[in-house]
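Residues or ranges marked as ATP binding site in Swiss-Prot (evidence: sequence analysis): 161-168, 224-233. For 1-112, the entry in Swiss-Prot reads domain 'Response regulatory'. Look at Swiss-Prot and you will find 133-362 tagged as domain 'Sigma-54 factor interaction'. For D47, the entry in Swiss-Prot reads 4-aspartylphosphate.
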Amino acid sequence: MVEDTASVAALYRSYLTPLGIDINIVGTGRDAIESLNHRIPDLILLDLRLPDMTGMDVLHAVKKSHPDVPIIFMTAHGSIDTAVEAMRHGSQDFLIKPCEADRLRVTVNNAIRKATKLKNEADNPGNQNYQGFIGSSQTMQQVYRTIDSAASSKASIFITGESGTGKEVCAEAIHAASKRGDKPFIAINCAAIPKDLIESELFGHVKGAFTGAANDRQGAAELADGGTLFLDELCEMDLDLQTKLLRFIQTGTFQKVGSSKMKSVDVRFVCATNRDPWKEVQEGRFREDLYYRLYVIPLHLPPLRERGKDVIEIAYSLLGYMSHEEGKSFVRFAQDVIERFNSYEWPGNVRQLQNVLRNIVVLNNGKEITLDMLPPPLNQPVVRQSVAKFIEPDIMTVSDIMPLWMTEKMAIEQAIQACEGNIPRAAGYLDVSPSTIYRKLQAWNSKDEKQNV
C-alpha cells in the first residue's frame, strides 16, 4: 500500500486484515518502486497524490519493470479524471476516498483473484478460474462457496439454471473437489436419450434383453461406481423410470434390463434441470418423493446477464483459447464491443457467448474484435432500457417535482447498485460514457461536501 497519510494507511490495513493479506505500507513513490527490488507484491494500492512524485509516475515505473502486477488507485473526489486516465495506462481499478471497508475488501479480493487466475492460465494453459469456471462476480462467489462446502459430503446436489449456464461444468467441479475426484464422473443426459433406451443407458442390459442387444452392456450407474453420477435434465425423465431411480437411490442397488440379478454400487448423485423442479412436482411431471431424495443441497447457477463483469472475463478467456485453436491472432475487444457485450441480455448464456466468439474468430482476421464483426443479433443497434425504474404517481402535483439533477442522480445511483457497483456496465445501460458518470459523481460529492461545511 502506497499511502503517505499514516492514519489512512492504518485504517485501510484494519479493513483488509480479516482477509488474511500481508500488507506492506510505504509512504512515498520512491519507496514503492525500491521495494519491488526486494519483493514483488500480488497487488499495489496506490494513492494518486504522494509527497515526492505523482501516482501516475509510480504507475509507469511499475508497469515498465513489472507489467503483470495489478494496481488499484486510491483517489480523492477531485482526482477522478486522473484516475480514469490511469486506468487507460494499465491501472486495474480505482477507489474513491474515503473508502468503505466492504468496498475496499471486495475490490482488493477481486483484483487478487483475477491476477491469480491470469498467472495460473499463463503457467497452465487451459486452466480456469475455479474448477473449470471463469468469473469473480459476487453471484459466482456464492456458487464457489457452496461447492467448497458441499463437495466433501455424499449428500445429493440439485443444480438449477437456464440452458447454457454451465450445469455440467458445475457438476464436474463438485466431483473434482470431492474425495471421489480420482474416481469416475459419468454424465447422462435424460433429455437426449429416447424414452425406450434411457433405462438401458442408466442401468445397462444383458444380451438379448431387447432387439439389438447383442452383448451385455454396463450402464451409467455401474460405470460410476465409487464416483459421481450426474443426471442432467432430470425433469425430462419418464415417471415410470423415476420410480426405478428412486429405488436405486434408496438402496444403492439396481437390475440391468433383462436381468433378475441385483447389483450394488456406491455413487454420489448430482442432478440438474433448466426447469423449476418443485413446479414440475406440483404439475405431476416429477415424483415428490424423488424430489425430496435428491433436492438435499440446491445450487442455482445465475444467468450470464446477472454476472456483471464475468461476461468480459469469460469472453477474453474464450478468445485466447479459440484464437490459438483456429490459428488466429485476436488478442482484444474494441471498447464498443465490450459495451455491447455488457449490455446484451445473453438469452443463451455462456453457450451463446461461446458460439458468438467462435463465429467471429473463424470468419474474421486481425488482432482486435470490432463491432462490424459481430453476428446477429449482436450486430443490431441495442435498444436500451434504463436499469433504474421509477414508479410514477398517478397524478403529479407541484410538490412531487424534483430538481432535474436529483432525478438524474437517483437514476445513476440505482443503475450502479443494480450493476453491483460496475460503473462501465451501468453506463452502458444508461447510454452514457463511464467518464460522464464519474464526472457527475465528482460534482455531486463536491456539492455534498460544500453543504456539510
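Backbone N, Cα and C define each Cβ position, glycine as well.
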Worksheet item: So for T228 (ATP binding site), how many other CB atoms are inside 10 Å of its CB?
Response: 23
Worksheet, complete the sentence: Within 10 A of the CB of D225 (ATP binding site), the number of other CB atoms across every chain shown is 17
Practice prompt. Check each residue in the chain of K167 (ATP binding site) that is at least six apart in sequence and keep those whose C-beta is under 8 Å from its C-beta; list them in sequence order.
Written response: I159, G161, D232, A272, N274, L301
Discussion item. Radius 10 Å, atoms counted are CB only; among the recorded positions D47, G164, which position scores highest?
Written reply: D47
Discussion item. Taking every protein chain in this structure into account, which of the binding-site residues G161, L231 has the most other Cβ atoms within 10 Å of its Cβ?
Written reply: L231
Discussion item. Rounded to a whole angstrom, what is the C-alpha distance between D47 (4-aspartylphosphate) and G164 (ATP binding site)?
Written reply: 42
Worksheet item: How many of the residues that make up the domain 'Response regulatory' (1-112) does DSSP mark as helix, as strand and as coil?
Response: 56 helix, 17 strand, 39 coil
Fill in: Secondary-structure category, per DSSP, in which D225 (ATP binding site) falls
coil
Response to the item:
Reading the DSSP string in three states, the entry for L231 (ATP binding site) is strand
Item to complete: Could you please provide the mean pLDDT value for the domain 'Response regulatory' (1-112)?
Response: 82
